[in-house]
Amino acid sequence: MKQYLDLVQSILDQGAWQENRTGVRTLSLPGAALRFDLQQGFPAVTTKKLAFKSAIGEMVGFLRATRSAAQFRALGCKVWDQNANENEQWLANPYREGPDDLGPVYGVQWRHWPAYKLLPRSAGGQVADALARGYRQVAEVAENGAPHVLLYKAVDQLRQCLDTIHQSPGDRRILFHGWNWAQIEEMALPPCHLLYQFLPNAGTREISLCLYIRSNDVGLGTPFNLTEGAALLHLVGRLTGYKPRWFSYFIGDAHVYENHLPMLREQLTREPYPAPQLVLSDRIPDFAVTGKYEPQWLEQVEPGDFTLSGYQHHAPLTAPMAV
């Protein structure tokens with residue numbers, strides 16, 4: 001994957017040293033972008049062995065709104081262990097609910113975003129509209145001396161995206177995100193990959209994805225997040241009857257940790273192999289074939305439903321994760 005190596009080289013050439021919360025310096029480059037045509041192959045790094053099953057396990061965990069490192073481990077992904085159980089700041093956080101807990105990270109926000117409305121009791125039309133939209137009253141409170149009602153519902157952002165792709169593909173507001181200011185302090189780690197926008201084209205029957213990442217560890221995180229984003233686009237396309245096409249990947253702070261430099265410099269000496277193809281299991285329903293809309297498969301997929309065909313790679317390389 002030459003685009004990945006070009007990004008690494010750009011950071012080495014143009015990045016500036018910065019200190020950060022982990023205590024390991026980074027070479028950082030503000031504003032970076034990658035773009036892939038998924039009809040030409042899957043964006044898997046080939047200059048080292050990609051931890052494909054781990055990345056897919058994490059994605060499946062997100063789809064299931066997982067908040068436990070133990071549940072991620074059961075899906076074949078161990079990358080959350082340190083953040084859950086070894087980060088001193090998180091261990092002292094009053095919102096941590098015990099060993100392996102991560103708080104309402106990523107998928108919890110994707111699938112169960114906590115939405116509240118505080119409405120005047122006298123605003124009967126507003127209250128009725130909220131109730132019709134699935135909110136339920138949880139309390140009556142006084143606000144500025146006037147009676148109000150507090151209403152709540154959990155918003156499944158990702159399901160709403162699928163429903164909109166299915167029902168109104170020309171909509172330009174098909175997106176979800178995980179940056180919930182009200183719960184950031186309750187998370188072991190605030191979201192890095194935080195905004196996903198789907199762009200279906202009903203004429204070509206192709207669907208594209210723009211992903212914005214506020215901060216990306218290019219040595220370890222970028223290969224993971226590219227895998228997850230591209231696999232998610234394939235899955236959404238399968239469930240809605242669209243072919244995955246353009247995957248655009250935007251990074252706010254693209255950085256390389258100082259102790260990752262040997263690994264990345266070794267990769268720069270290696271020639272990338274051709275891109276593999278992602279294969280989805282036949283058990284995942286294909287809307288283009290069946291004509292049956294089955295969005296419940298968002299949480300029913302298993303890591304084994306995703307495989308890479310024709311994946312060639314160089315020898316594995318490792319580096320420590322900064323926590």
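Glycine residues also receive a Cβ, built from the backbone N, Cα and C atoms like all the rest.
The active site, nucleophile annotation in Swiss-Prot covers CYS192. Residues or ranges marked as dUMP binding site in Swiss-Prot: ARG21, ARG172, ARG173, ARG214, SER215, ASN216, ASP217, ASN225, HIS255, VAL256, TYR257. Swiss-Prot lists ASP217, ALA322 with the feature (6R)-5,10-methylene-5,6,7,8-tetrahydrofolate binding site, giving sequence analysis as the kind of evidence.
Take the CB of CYS192 (active site, nucleophile) and look out to 10 A: across all protein chains shown you find 17 other CB atoms. Binding-site extent for dUMP: residues ARG21, ARG172, ARG173, ARG214, SER215, ASN216, ASP217, ASN225, HIS255, VAL256, TYR257, maximum pairwise Cα distance 37 Å (rounded to the nearest whole number).
In terms of C-alpha distance, the listed binding-site residues ARG21, SER215, ASP217, TYR257 place SER215 closest to CYS192 (active site, nucleophile). Taking the C-alpha positions, the distance from ALA322 ((6R)-5,10-methylene-5,6,7,8-tetrahydrofolate binding site) to HIS255 (dUMP binding site) comes to 12 Å. Other Cβ atoms within 10 Å of the Cβ of ARG21 (dUMP binding site) number 8 in total over all chains.
For the binding-site residues listed here (ARG173, HIS255), the lowest count of other CB atoms within 10 A around the CB belongs to ARG173.
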